[in-house]
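Heads up: the structure comes next, in structure tokens.
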């Protein structure tokens, strides 16, 4: 007698139910973007907006050393601080005007040199070759190095008797040891140090822009007989126009408001040839203890940079729309 055996079929197992994502309540989703932006806005208020408003208020009062302990007791000056700063017949206005001229030359030359060096390095490192990564890393040293340490190193190198620069010049046969940190050479030293500090930023920015240009455009131009210079003029420059517009503006604003470079390089007594306007305002405030006058100069500098930025964006925007 045979017994029929039936294998029990396992029951079909249901796949585990997926956990549904928690729904965000309508009220929470409405305020979530503001909550995420709030810390950045708060920091902007504390670090930039509030000090700027305080500086504008200071420019309308006679805030000297007699009222530094109690700002509210400082008498009103109206627009007298601005009149003194803009009166180029007196010592204060004349000094501010000379400082403005030095800063303008410093900014224009530094921006031009930084852009040229950055563009040359970016174009040179565009092709693939052995050791390119190492060269890129070496180029980024000035950008990665803390600004204070880099400028202080230049200060030691530019010393007249013990500096490396004059030592090299002596080895090359130079008779005199020039002064680099005082006299007329101070502006040249400022431009050199600032360019060394900024050209790597231009290099990084332009190198990133070059990566977005299709290689087939260069290959097609080479087939048509275009040389490297013609390719750079007809392909690279037009393609990098949006990058260059932002880069030049940022470099100009940075150099025109540069304070660290002259302060670390020269100390508290900068030579007239290296009297940048930010350091001039600092001395006008803390050496004479006339913070109202220094604040007025700062506001004038802010207005100038805003006007230059507005004109620059307007002109470049019109050219971009025409193109």
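Just so you know, glycine gets a Cβ as well, placed from its N, Cα and C.
Keep in mind it's a predicted model, so treat the numbers as computed, not measured.
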Matching range for TrEMBL feature annotation, transmembrane segment, among 71-92, 137-158, 203-224: 137-158
Which of 31-57, 178-199, 295-315 contacts the transmembrane segment (104-125) most, counting Cβ pairs under 8 Å: 178-199
